[in-house]
Each structure stands twice: as C-alpha cells, then as structure tokens.
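Input: a single structure, listed below in structure tokens.
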Amino acid sequence: MTKYIFVTGGVVSSVGKGIGVASIGRLLKSRGLSVSVMKLDPYLNVDPGTMSPYQHGEVFVTADGAETDLDLGHYERFIDVNLSRLSNVTTGQIYSAVIAKERRGDYLGGTIQVIPHITNEIKSRIGSLARSSQADVVIVEIGGTVGDIESLPFLEAIRQMRKDVGRDNILYIHVTLLPHISTGELKTKPTQHSVMALRNVGISADIILCRADRPIDDEIREKIAFFADVDVRAVIPVPTVDSIYEVPLVLEDMGLGDYLVERLGLPATPPDLEEWRALVARIRQEKRRVPIALVGKYVELHDAYISVVEALHHAGLEQSIDIDIRWIAAEEVEREGPARLLSGVYGILVPGGFGERGIEGKIAAADYARIHGIPYLGLCLGMQCATIAFARHVLGTHDVNSTEFNPQTAHPVIDLMPDQRDITEKGGTMRLGLYPCDLVPGTRAHAAYGCDRVEERHRHRFEFNNRYRSVLEAAGLVISGISPDKRLVEIIELRDHPWYVASQFHPEFQSRPGKPHPLFRGFVAAAAQTLLAGEARQLPLVESTS
C-alpha cells in the first residue's frame, strides 16, 4: 500500500519546503523506494501559466504539457523523476472541477460545500497520483503557511486522509523557521505557536524540520520536542548551506532517512548516496570561474529563471567550472548598448520570455555574440531573437521582426503558429510539453546529443517562419533540428563560430545534477574554451635562454 508524507510550513513563507520535499524524496529513492511528489497550491489561479514571473517565479513545464509551480523542477532534479500534470493541484483547479460537476448534476441536487465536496476533490487528486504512479511513497507539499485562510481546505483534506488510509500509512512533517535576535539567541516560540496552529486544524506534526541560519544545539531540539510532543529524533535541524544539493546529506546525517523508514514501516534497502556525496564534494572544490551573461526581462527575480540557472551549474560542475552568472536586464542593453554590458563575459544566454519589453536588448545581445565570437545559447524566445538578428544584420533586410512584437512587420521571420490563430484564451493553450526533434548529422546539435532524434519540452505560440527558411539558410543560418514532419524549426546554429546554438524548446527542464543537458554542456565548454583562449592571448612572451 502507498504511504503518504504531508509537508506543511509555518512561521514564514518561502521557508524551504520545496527543497525539503525534494531532499526527502532523494533519501527515500536512495533506499530503493519509488517516490512520487505533489504540490498543492492554495491560489485561485488554475495554473501559474498566466501569472507574472514577478509574482510566481518560473513556470515549470512537465513532459505532458502542464504549466506548474517551480518546485516541481526541484522535485524532478533531486529525485531524477519525470512528473506529470497530476503533481500540481491548485485551488482554482479544485473549485473548477467541483463547479463543473455541480453544473452536470453529478451531486444530484445536493448543497455543495467545502466539506465534503472540496475536500473530497482534493483527496481524489492525491489518490489519482498514487494510483497512476504506483509509488511506494507519495510526498505532498501544501503551499503557503499554516494559518493562511487559503490553505484551510487542503489542511482539512490531509487531516481526513489519516482516517481514510490509516494512521500507520501517514506522516506529517512541519517545516518552521527559528529566527534569531540581536543577541544571537535562536527563538523557539514562533515554532511552538505554529505547531499549535496546526493542532487547531486537527493535525499533530510527527517530524519538525527546523530552518536556521546558525547551529541548533540539543537543548533547543529537546525544548521543541517537548512542546511539539514528538521524539527528539524527530526534531531535525536544517541549517543554511552553501548549495541546495547539500540538504539531502544534512537530513541523512541527522538520521531522517532511517526515521522515515522506521515510522512508516517501509521495506527499504540501505541508503546509497555515494554519487550524491561525490556531487557535493565536486561542488565544494575550487573551480575555474567563467562569467556568463544571462540577458532577460525578469532578472531582478532570479527564481524566474531557476531551471536555467541550475542547468548552467550542472554543466559547470561536470567540467569543474564555476559559472559566474552576470544578470543583465534586456532594457539596460537597449539603453546603454551591448558593448558596455557584455564585453567582459565569455558566454551569452538569452532565455525564454514573452512580451515586447526589452526585446530589442535581447536581439542586440544575440547579434553581439554573433559578431564577437562569444558562445551563445538561445532558449525559446532566445532562438527567435537570434533569427531576427541574423535576418536584420546578415541579410541586411529592413523591418524584420516577430509578429508578437510588430504585427505589421514587412518581414515576419517569426510568426504565430497556424493552430494558434483562432485561440482567444491565454491559459494552457500554447504548444506545451514533450515533442520530438530530428537532428541533422554534421551539426553542433547532433554532435552535442550524439543521436538522431531527441524529445524536448516546449512552451510557445510563435515559430520560425518557413517562408524565410531558404533565404536564411543561403545566407549561412544552419537549421540543425526540425520536427519529424519538417514543419517546425527546432534548432538553429552558425558554423564558423565557437558556439552559436539556439532552440525553440526549453532544454533546461531536463537537466539534472550529475546529468547536465547536452546543449548546456556544449555551451559551457565553449565559454570556458573562449576564456582560456583569451587568457592565452594575454600571456607575456618569455625570451628563450638557450
């Protein structure tokens, strides 16, 4: 029978539940157990697909095309599992489903209430994931903070699950913050109150994960255990660490993995975390620093590009390179020009995005990389920007643009996909999820992947306009990846360049620690080689003494 672990948060938001859940999943998987994960988000949006990145951060796209919370990216990277749309549930989805059933008459004229109808729908979604995944353990993170009014139906649903599946098949983990005051003393009172608030909705925490910026001694653990009525072994200190990939080892060294297995009666094998320990050891080693510019629209909020950031670090780690990300606002490039902002970097990355703001800065960055031989990686919109830049400055064609930014442009080298023309709703209507791409032999993309066909995740409405394909190819643009039906250009590149590759898809969503994505691996390697070549040119000549 599937076991369930429910993870709640207290004291403050953004306390680290997502990394905690991902780390717990890693500990269980290292013991030979199959794990699936779910995020319950209490907002009324159906999904984050139409939310501003400033509000929500990155939209993570699953293989089956769901637009989900960025925490699903952490889950996939830590546990090395591909999740589905079943793994992200919002209040908006729950209420939409219940109201649709009421309109169909499924409730036979009954009065629709939060209890039981909303809570039953929540439990049904959790059960669907368990049945679909057939996982030994399903870990469910409840978004928000205990005490938020939006979270109450979810808390009530997971309270009811204790009776539905049996007390021995459930664990409740509460993640809290231990703040410290000017004297340096860690304060436990907020955690005590948070545990009490959880009890007020009928849930008693089995395990307390205590976040803090400084060490938590045994006296504090015993105090929390006393007030929370848990075993002192169940009070787990989680100090702030240099890398999120250290967290599974912190939890393992505190005995959490064995404690979970013991409490849930899981048929686990001894933990195998040797590869993970080797990964963390590589993270701690001194590495050559390579500056890479990320030119984007939302650079003030790094979480808007979290999968891109992690994919860069995965590739750097494999090659003993410390990626020094230079966050460059595309609007700044428009105002000040690319030369001043990009002259000190050895790689330029333009990630995905939407909207006209900053677009000319992204196009200028793509062209600057082309002219100056700086390795370039374009993702989704970054590929479209590279195409526009090439058409403008290599072909010398005037009034070139995407119809997203100028519907009346004379030369729409990027245009709305035909099947998008009659769509009026924004949410969930793009080309989303995993699609195949055929790679052209003899190209950088083919060499990077080492195969003829790949499958990658997409999120876009606009595409390369095939009306311009022949003229662009004649001018030197290489189409190195294309859909099997030959209609959609997936990858473009340049031949006589250290690395100039751009994809319509989002390779960052499939990068993993220890298994970097091939395009990021190639990009980072080219950036490092460019740095080394530059250093070699600057070395002083040494006269021979012979």
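Glycine is treated like the rest: Cβ placed from N, Cα and C.
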Would you identify which residue of Glu67, Glu334, Glu336, Glu404 Swiss-Prot lists as part of the L-glutamine site it also attributes to Tyr54, Gly353, Leu381, Gly382, Met383, Gln384, Arg461?
-> Glu404
Same-site ATP binder from Asp69, Asp71, Asp80, given that Swiss-Prot records Ser14, Val15, Gly16, Lys17, Gly18, Ile19 | Asp71
Arithmetic mean of per-residue pLDDT over the region 'Amidoligase domain' (1-266) | 95
Across every protein chain in view, the count of C-beta atoms other than its own within 10 A of the C-beta of Val15 (ATP binding site) is 20
Output the one of Asp71, Glu141, Glu404, Glu508 that, of all these recorded positions, has the highest number of other Cβ atoms within 10 Å of its Cβ.
-> Glu508
Residue from Lys17, Asp71, Pro190, Glu508 whose C-alpha is spatially nearest that of Glu141 (Mg(2+) binding site), among the recorded positions | Lys17
Site of maximum Cβ density within 10 Å, from binding-site residues Ile19, Ile149, Leu381, Met383 = Met383
